[in-house]
Amino acid sequence: MAIICSFSKLLFVAICLFGHMSLSYCDFSIVGYSQDDLTSTERLIQLFNSWMLKHNKNYKNVDEKLYRFEIFKDNLKYIDERNKMINGYWLGLNEFSDLSNDEFKEKYVGSLPEDYTNQPYDEEFVNEDIVDLPESVDWRAKGAVTPVKHQGYCESCWAFSTVATVEGINKIKTGNLVELSEQELVDCDKQSYGCNRGYQSTSLQYVAQNGIHLRAKYPYIAKQQTCRANQVGGPKVKTNGVGRVQSNNEGSLLNAIAHQPVSVVVESAGRDFQNYKGGIFEGSCGTKVDHAVTAVGYGKSGGKGYILIKNSWGPGWGENGYIRIRRASGNSPGVCGVYRSSYYPIKN
């Protein structure tokens with residue numbers, strides 16, 4: 001057994017050293033691999049090397065690289081098997097493909113505070129009537145959405161979701177699209193917990209009470225530090241309050257999205273969500289929500305309704321950083337719990 005393992009390691013090292021000579025063999029299709037890549041260990045290693053270059057991955061030694069390669073193979077096997085089973089959406093390689101699902105959850109998902117559904121707000125949006133709604137809404141097309149960001153190794157999804165909604169309503173009300181500071185919320189919203197979870201509502205309340213600086217003036221560093229809001233100069237964007245959308249109701253959420261981007265929560269810990277590449281997602285998730293994102297539109301494709309979601313895992317995940325989640329009619333938590341807890345900023 002030791003001889004076989006040593007030989008495998010030598011083969012791995014050899015191909016890693018010389019694999020760059022044949023990277024052209026790797027076909028990065030829409031899912032990041034081709035069926036030919038699954039035919040031999042050599043092809044898999046070449047694919048892994050190509051993937052490493054694409055995502056700027058570096059490992060401290062050969063042992064770590066071999067360990068990550070084994071996880072990469074397992075994820076690739078899962079992706080390929082699931083793509084043969086599911087319809088309507090598909091999985092693919094992304095920057096998380098060298099992480100086990102447990103590692104992915106630890107680094108990027110975490111959980112929401114237990115009392116996340118019981119937070120203060122100034123008004124509740126209740127409108128179940130979907131008859132007069134626009135057939136589709138996409139706030140990106142209206143210039144109210146900034147580029148997709150990456151939260152890094154910091155459970156600050158709540159801050160990214162809040163900032164995206166404030167950026168959106170500020171554009172709608174003033175005509176100006178500016179990038180705002182997630183780091184200010186991580187540092188200064190004392191009702192939340194920095195890189196260890198937080199609240200949509202209290203961060204929106206912070207913006208209403210204090211305003212929020214531009215991202216360029218208070219840049220993101222993916223770790224909590226002492227609040228510097230009083231030392232940062234330049235303009236601030238301010239809102240007037242916090243609104244909550246009626247829970248577990250499709251109509252109310254669609255109506256709210258038709259007016260502005262909305263902060264929502266989803267369950268994102270599953271392997272399908274980790275490896276999502278495109279299509280209308282409707283599979284393998286429950287409603288135990290653990291991740292805040294931003295609803296920036298809705299629509300239909302192929303007869304299926306969806307909510308358009310902006311995530312904070314960078315543009316390499318999903319559909320250039322977005323996911324379309326299947327709509328569920330009536331009173332329910334929705335697919336992945338997307339109807340469970342939704343908030344938005346009020347700006348006069």
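Keep in mind that glycine also has a Cβ here, set from the backbone N, Cα and C atoms.
Look at Swiss-Prot and you will find 1-18 tagged as signal peptide. Taken from Swiss-Prot, the feature disulfide bond applies to Cys154-Cys195, Cys188-Cys227, Cys285-Cys336. What Swiss-Prot records for Cys157, His291, Asn311 is active site.
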DSSP-derived class (H/G/I helix, E/B strand, else coil) of Cys195 (disulfide bond): coil
Quick one: Cα separation, Cys336 (disulfide bond) versus Asn311 (active site), in Å? 14
Any idea what the Cα distance is from Asn311 (active site) over to Cys157 (active site), rounded to a whole Å? 8
In whole Å, how far does the CA atom of Cys154 (disulfide bond) lie from that of Cys227 (disulfide bond)? 17
Rounded to a whole number, how many Å is the Cα of His291 (active site) away from the Cα of Cys188 (disulfide bond)? 20
Can you figure out which of Cys157, Cys227, Cys285 (the recorded positions) comes closest in space to Cys195 (disulfide bond), comparing Cα atoms? Cys157
Recorded positions compared (Cys157, Cys188, Cys195, Cys285) - the one with the fewest other Cβ atoms within 10 Å: Cys195
Just checking the recorded positions Cys157, Cys188, Cys227: which sit within 10 A of Cys285 (disulfide bond), CA to CA? none
Which ones in the same chain are close to Cys227 (disulfide bond), with CB under 8 Å and 6+ residues apart in sequence? Glu184, Asp187, Cys188
How many other Cβ atoms are found within 10 Å of the Cβ atom of His291 (active site), counting all protein chains shown? 26
By the count of other Cβ atoms within 10 Å, pick out the sparsest of the disulfide-bonded residues Cys154, Cys336. Cys154
Reduced DSSP assignment, His291 (active site): strand
Let me know the DSSP-derived helix, strand or coil state of Cys336 (disulfide bond), please. helix
DSSP says Asn311 (active site), in three-state terms, is coil
